[in-house]
Amino acid sequence: MAVQNHALWYNTSQPHPPKSMTAARPAQNLTIFAYRYCMKLTDNRSRSTVVFMLFSAWLISLPYEGQVLYALFNRYGVEPAQGVLGAIIAQLLGMICCMFIAKSIWKAKRILVGSTLICLFGSIFFFFQVPFVLRIVLLVISFVSGFFIPAWGYFYRAYTPSGERMGTIAKALAFSSLIMIPVNLCAVYFSAHLALCLDIALLVLVLIVLEKIDVPQQPAERDIRRLEHVSQPQTLFALCCFILVITVNSGLMFQVIMPAYSQIGIFADFYWAVPYIAAILLVNRFGGRAKNPYLLYVAISMLGFAFVAFSAFERSFWSYLLVDTLLLGACGINDLFWWSILGEMLDFDQNPARTFGIGLGANVAGVLLGKFIGALPVFARSAQASTLLGMAIVCFAVMLMPPLHRQLSLVIRKNTFLVSLSSLPPEQQQETVARIGGETDLSERESEIAMLLLKGYPYKLIASRLYISESTVKSHVQNIYGKLGIHSRTELIEQFSASGGSTFS
């Protein structure tokens, strides 16, 4: 902080800095930048973000449709198609298995370290031209890599506050893709083995940063004290259906669209992920001023226009520029949407790996389904058939959007309020009851029932808690709704979450 205070001295105390200080300003600014950068890397939030970013860069450049994998397999004379499909299936199985193993943040860190070590040693095998062994190793590291991201959900929940998770995941997704670009270019145009060395270096850095993240062996008290009646299965199921439908188009992109532009050359390899990165960073920067559903409608429309352009235009440079910009830009918006939504939903589950595993498993399953469909002769040989399928998926996604957005907005708002209320000590909950009664002219009994309603209790459980009949509870609830001018429990939660925000902060 001494450097920062010294930099501010002449701005606040002197109208014009001395010439010697003016001359030294570039070096001083560089020192301040380096100091702030180092400070940012000392907190667990930044470390966990860097861990995800580096591991994801390795993942998307090697086992998950990576150009390094394709370059090595082509060099060794190995057919990559079957190996890539098997790797995606193995990763999906790894995500599912992780949900049953990662039970705490301490175990999650052990999973991250163990999976990184296995992936690192597995990557070394790709230096050797042994096709049978390489296929087995690819399946193993893909399966193990499936454990990494669901387990990382514990770090995402613990070190990034709710409401700020979109920014964290935006940086992680964008910069992992940014790292992938030079690694891919190196694999295709310089040396596949050098690119493999870069990938291994990424995993070494993951281990170094992971070692600096301190996690408790016992869960914190706020992680133990969870709600009995917070539920999200229906919402998570609806979100997963949307993810599955949309990512079928991603599978078609990998299987049909991108191979059709293979003749574009180095520009395609360089530009391919740029719209994805730009869309994520722009939405993260300005998305807070726009309505999320409108952004999603824009993204879905971009998907539709991309498939129409793919069918209508020849395979030229300008056609590639248009199709890739629309397609990857839409993928960036969609990915940021469901990654950030899944991040906010982590607070509503005792096991974040379960929420992440299910949600991201739907993502991988959609890509896998799209690749299987794209491999069918009717779609592989006809751009029109792929376009019709893509447009059908877009139309179906548009139909899913209104009910999905309504359910997501209501449930996340409700559950955020419930988690905040439940985390209060009993004394503060009683103070909240008294405040609610005083502000709304509710009787003491009605205030108690309102509190239990806000905590998610059904009528039968409220009756047993207060030793009254269920019909009496219903009568009190009608009185509460009448005094507040509302008609449902959802409106009750919305009203008190808006008016009582300071109480729960």
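Quick reminder: no glycine exception, Cβ is built from N, Cα and C everywhere.
TrEMBL lists 46-64, 84-102, 111-130, 136-156, 196-215, 236-258, 264-282, 294-313, 319-339, 360-379, 385-404 with the feature transmembrane segment. Among the features that TrEMBL reports, domain 'HTH luxR-type' is placed at 435-500.
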>> Would you say the transmembrane segment (136-156) and the transmembrane segment (84-102) are in contact under the rule of three or more C-beta pairs closer than 8 Å, pairs 6 or more apart in sequence?
In response: yes
>> If contact means at least 3 Cβ pairs within less than 8 Å, sequence distance 6 or more, would you call the transmembrane segment (294-313) and the transmembrane segment (385-404) in contact?
In response: yes
>> If you average per-residue pLDDT over the domain 'HTH luxR-type' (435-500), what number do you get?
In response: 76
> In the same chain, who gets a Cβ under 8 Å from the transmembrane segment (136-156) while lying at least 6 residues past its ends?
Replying inline: 44, 48, 51-52, 55-56, 59, 63-64, 69, 83, 86-88, 90-99, 101-102, 104-105, 107-109, 111-112, 114-116, 118-119, 122-123, 125-126, 165, 168-169, 213, 343, 346, 352-357, 360
> Between the stretches 46-64, 236-258, 319-339, 385-404, which wins on the count of C-beta pairs under 8 angstroms to the transmembrane segment (196-215)?
Replying inline: 46-64
> Taking residues 6+ outside the transmembrane segment (46-64), which of them lie with a CB under 8 Å of any CB in it?
Replying inline: 40, 87-88, 91, 112, 116, 119, 123, 126, 138, 141-142, 145, 148-149, 152, 155-156, 159-160, 168, 171-173, 175-177, 179-180, 183-184, 187, 195-196, 199, 202-203, 205-206, 209-210, 212-213
>> Under 8 angstroms, Cβ to Cβ: which one of 236-258, 264-282, 319-339 has the largest number of such pairs with the transmembrane segment (385-404)?
In response: 236-258
> Cβ under 8 Å to the transmembrane segment (236-258), counting only same-chain residues 6 or more beyond its ends: which ones?
Replying inline: 65, 268, 272, 300, 303, 306-307, 310, 323, 327, 331, 334, 338, 341-342, 345, 355, 358-359, 361-375, 379-380, 383, 386, 389-390, 393-394, 396-397, 400-401, 403-404, 407-408
